[in-house]
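As recorded in TrEMBL, the features of this protein are as follows:
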- A:V15, A:G16, A:L17, A:G18, A:T19, A:V20, A:G21, A:G22: NADP(+) binding site (BINDING)
- A:K112: NADPH binding site (BINDING)
- A:E197: L-homoserine binding site (BINDING)
- A:K212: active site, proton donor (ACT_SITE)
- A:356-428: domain 'ACT' (DOMAIN)
2 protein chains.
Amino acid sequence: MTNLHPHAPLRVALVGLGTVGGGVIRLLQTNGNLIARRAGRTIQVAAISARDRNKDRGVDLSPYEWVDDMTTLAAREDIDVVVELIGGADGPALTLARQCLAAGKPFVTANKAMLAHHGLDLAALAEKTGIALKYEAAVAGGIPVIKGLREGAAANEISRVYGILNGTCNYILTTMEKEGRGFDDVLKEAQELGYAEADPGFDIDGVDAAHKLTILASLAFGTELDFGNVAVTGIRDVIAADIAEAAALGYRIRLVGVAENGPDGLFQRVHPMLVPTDHPLAHVDGSLNAVVAEGNFVGRLFFQGRGAGEGPTASAVVADLIDVARDEYGDAFAMPVAALSLQKPADAGRRIGRSYLRFKVQDRPGVLAEIAAATRDAGVSIESMIQRGANQQDGVLMAIVTHAGEERCICETLDRLAGSDSLLGTPMVMHILD
Amino acid sequence: MTNLHPHAPLRVALVGLGTVGGGVIRLLQTNGNLIARRAGRTIQVAAISARDRNKDRGVDLSPYEWVDDMTTLAAREDIDVVVELIGGADGPALTLARQCLAAGKPFVTANKAMLAHHGLDLAALAEKTGIALKYEAAVAGGIPVIKGLREGAAANEISRVYGILNGTCNYILTTMEKEGRGFDDVLKEAQELGYAEADPGFDIDGVDAAHKLTILASLAFGTELDFGNVAVTGIRDVIAADIAEAAALGYRIRLVGVAENGPDGLFQRVHPMLVPTDHPLAHVDGSLNAVVAEGNFVGRLFFQGRGAGEGPTASAVVADLIDVARDEYGDAFAMPVAALSLQKPADAGRRIGRSYLRFKVQDRPGVLAEIAAATRDAGVSIESMIQRGANQQDGVLMAIVTHAGEERCICETLDRLAGSDSLLGTPMVMHILD
C-alpha cells in the first residue's frame, strides 16, 4: 500500500502530453466535481512532463508544475500516482515504469506495447511493493474490458477471447466495404483525415492489435503474456474483390484478434477474418472496437465502444485513477505473477475451421483443374467457389470457401501451388469466424 | 473492514437454493481452483440455508452445513460473507440484509426488487460498518454492467443509460417478430418452455426491468434511487401487426428501459419502443440483455450478454465474491449515500421525440379525418401513416409515425379522441429510440 490518506487529494503526475494527455487534463477539468464524489477525493494534476514544453496543446497547462526531468517523479513524496502516456515498448516509458514501481509509486499507463513485452516484469515489481499497476486504456480505448475480464468475468474459465482491437484497420475495412474502394485509396484518405498515422505499419500490419491481444489472453486465461507467439497478418493484402466476394457469401471482413486456450495449448492470432453477418462483430463499424469473451458459466459477453481517440482513452485512464483513489486494485494480471501458468503455443495447423482462399490466376484452360487438384491432394474439401473474369485487368479471380478442416491442409494446398505459373501474385487466405 | 485474513479461505453462507443458488455451488465446484488463483484465496461455501431442506436441487449439498435459521448468520464469526438469493423486495431477504449489514457482515445479493426499494438504506448501513454490499447479479445477469458503470465509466458525466433488461420480454418480442405470431400464443409457449413464470406479470408488465433501471440510473448519474418515478408500460398490448408495421418502417420493437439526467430532471421509463434496425439494441435477440451508457468523454458504451439463467447469474454472484475476497470494493452506489443527489423527476410531456401511434378503428368514412384533425389540433405533425383493412377481423388498423415533437402533444391527441366511437379499443403509443 502507498501513502494515500483517505479524503486527501490524489496527486497525479502526467507524463506525455499528446492527444490522450491533453484529454486527461480536459476530462479532470470538466468532470472534476463528479469524479471527486465518485472517487471520495479530488483527483488533482500536480505535475506534468513531456518532451517539448513550448508546444501548443490547446489546453491551459499553466496551473500545473512543469517537470523537466521525469526521472525525479518516482521519488517525490508529493506525487501519489504517475500516469505514463509516452508510448513505446522500451526507452523512457519503460525506464519510468520500472523506477516508479520499484519505488512503490502507483503507475497508470496506456502503453500496450510496453505491457505486451514487459508486462510480467512490471507486474512483479508492482506486486513486490504492493502498489497499483493499471492499464485500462491500453486495450480497446474507453471500453472497460480489462476490468471486464480481470473482475467481471473472473469466475469463469474462459475458452476464447477475441475482438476488433484496432480502430484504424476497422475504419479502413468498413470504408472499403461501404464505398467499394481499394485499400491504398482508403488508407491515403485515412492518413489525410488523421485516422491513420503517416507511418501506418504499426496499425495496418496488425502489431498494435497483437499487443492488445497478448494482454487480453493473459487476463482471460491466467497465462503468462506471450507476445512472441502471436501470429500476425495485417490488412494490406485485402482487396476490394475480397470484400465483395465475402459479402456475396454472407460475410464481412474484419481484422480480428483471437486467443484460445485449451489442452492443445495457447493459440493467439491477429488476422483478417470473414465474420458472418449475423455475428455482433460484423456490425462493429468505423473506428469502433469490440471484444467478445466466452466463459463456461457466463456464456458470451460482448463489449463495444470507441477504441481510440482523446475522450475514450482519457476516460479509461481516469477510471484507473479513480480505482487508485478508491484503493480498489490488486494484481495487475488478475493474479500474482507466480500463479500465471506458462502455456505452450498451440499448433495452428491442427485447428479445425473453414477458410476463404482467393487466387489471382491466368485466364487460360486448365487453371481451375490445377487448383482443384491441389486442394484435393491436400485434403481440402470445397464448399463453394466463385470465379470472376472479364473485369479484372490482369487475370481472373478465383475465391474458394472450404468445408471445416485442419488448417494445415490449407497450407499444404498453397505449398502444392507454390511456383505454379498459373498463379499471378500470392494467394490470400482468411479464416472464417465460427 | 471485516475480519478477512489474506490467504485464509473466504467462507460463504448461501441463502436461497433455487436455480441461481444451485448455480453458485456448481460454479464454485467446477472453477474452484481457477477462482482461488484469481481471488488469492479459496472461496468456500461454509453454510447453506433455504426454506425446504429436502427438495432435490440436482447438486450435492452434503458437504455444506445446513442452517435452519438464517437469522443466526449475521452474528457468526466463522462466516465471512452472506449471499442472499431468496428474492422479494421485503420479507426475509430484507431482514437478512439489514441484520448482516448492521453487524458488519459483507453481503452479496441478486435482489433487484429489494435494492430498487431499499437500496439507499442498505447502502447507508454498509457504509456505516465499512463493509461490502455487492449486487452485480441484480442487473443484466452475467453482464458486468454494475461494475461497468460504477468503475469502468466512472470518469464520465453520463447523460443517458438504457437497455434491454428483461430476457423474458425480449424472448417474447423477438419470437413474435421472427415467427409472426401473437403475444398470447408466444407467452403460453414461453411458459411451457420455462422461459416465463406461471405468473408472468412481474416480467411482462415491466416491473422487473423498472427495478433494474432504477439501479442503473443511480449508478450512472449519482442520483438517489427513485423507483417510484419510473413510468412503466409492459408488452401485453403489443400486437403482431405493430411488429409488422414497425418492420415495414425500419424498426424493431423492444422493451427498453431508459433513464436520462439533465437540467430538466431525472427521466426514467420502461416501455416498448421502436428501435431503428441499425441500432445495436435491434440486434439483441432472444433472452439476451444489453445496456448502453452514453458518457461525455467515452461516448457510447455497449454491453451485451446473457441476462438471466443459472450460469450467467452465478457468474455475476461469484464475481462479487471475488471482489470481496480481493478486498476490492467500496461504496455500493459508487459514492457515499450522502453524496448522491436528490433529483426531481423530469416532465415527460416536455420530452422531444418521434412516436408511433396505432389505432384500431371502425371501417367507415370520416374516421381518418377525425384522427387527422385530432393530431392537427394537438400540434402533432405526421411523418408517415399506414392504414390496413381487409384482413382485420374487426375494424382496420391505422399506424402513424410522427415527426419529432413534445410528447404532451401525443397525450393531447389521445385525450381528444377519448370516447370517440370511431375507435375500437385503446390506442397504442410507442416512442422511437433516437
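Each position is counted from 1, following the chain as shown.
Including glycine, each Cβ sits where the backbone N, Cα and C put it.
Since we're looking at a predicted model, the values are computed, not measured.
Shown here: features listed in TrEMBL, placed on the structure.
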residue	record	DSSP (3 states)
A:V15	NADP(+) binding site	strand
A:V20	NADP(+) binding site	helix
A:K112	NADPH binding site	helix
A:E197	L-homoserine binding site	coil
A:K212	active site, proton donor	helix
* Structure fact -> Fewest neighbouring Cβ atoms within 10 Å among the binding-site residues A:G18, A:G22 goes to A:G18
* Asked: Reported in the order helix, strand, coil, what are the DSSP residue counts of the domain 'ACT' (A:356-428)?
  -> 23 helix, 24 strand, 26 coil
* Asked: When the Cα-Cα distance from A:T19 (NADP(+) binding site) is computed for each of the recorded positions A:K112, A:E197, A:K212, which gives the smallest value?
  -> A:E197
* Determine the minimum-neighbour residue: among A:L17, A:G21, A:K112, A:E197, A:K212, listed as recorded positions, which Cβ has the fewest other Cβ atoms within 10 angstroms? => A:E197
* Asked: What binding-site residues in the list A:G16, A:L17, A:G18, A:G21, A:G22, A:K112 lie within 10 angstroms of A:K212 (active site, proton donor), counting C-alpha atoms?
  -> A:K112
* Asked: Counting every protein chain present, what is the number of Cβ atoms, excluding its own, within 10 Å of the Cβ of A:V15 (NADP(+) binding site)?
  -> 22
* Structure fact -> Students should find that the Cα atoms of A:L17 (NADP(+) binding site) and the residue listed as 'NADPH binding site' sit apart, in Å rounded to an integer, by 17
* CB-centroid shell, 8 A cutoff, NADP(+) site A:V15, A:G16, A:L17, A:G18, A:T19, A:V20, A:G21, A:G22, site residues removed -> A:L14, A:G23, A:V24, A:A50, A:R57, A:L85
* Asked: Just the number: how many Å between the Cα atoms of A:K112 (NADPH binding site) and A:G21 (NADP(+) binding site)?
  -> 16
* Show which residues of the chain containing A:G16 (NADP(+) binding site), separated from it by at least 6 in sequence, have their CB under 8 Å from its CB. => A:S49, A:A50, A:E84, A:L85, A:I86, A:G87
* Cα distance (Å, whole number) from A:E197 (L-homoserine binding site) to A:V15 (NADP(+) binding site) -> 22
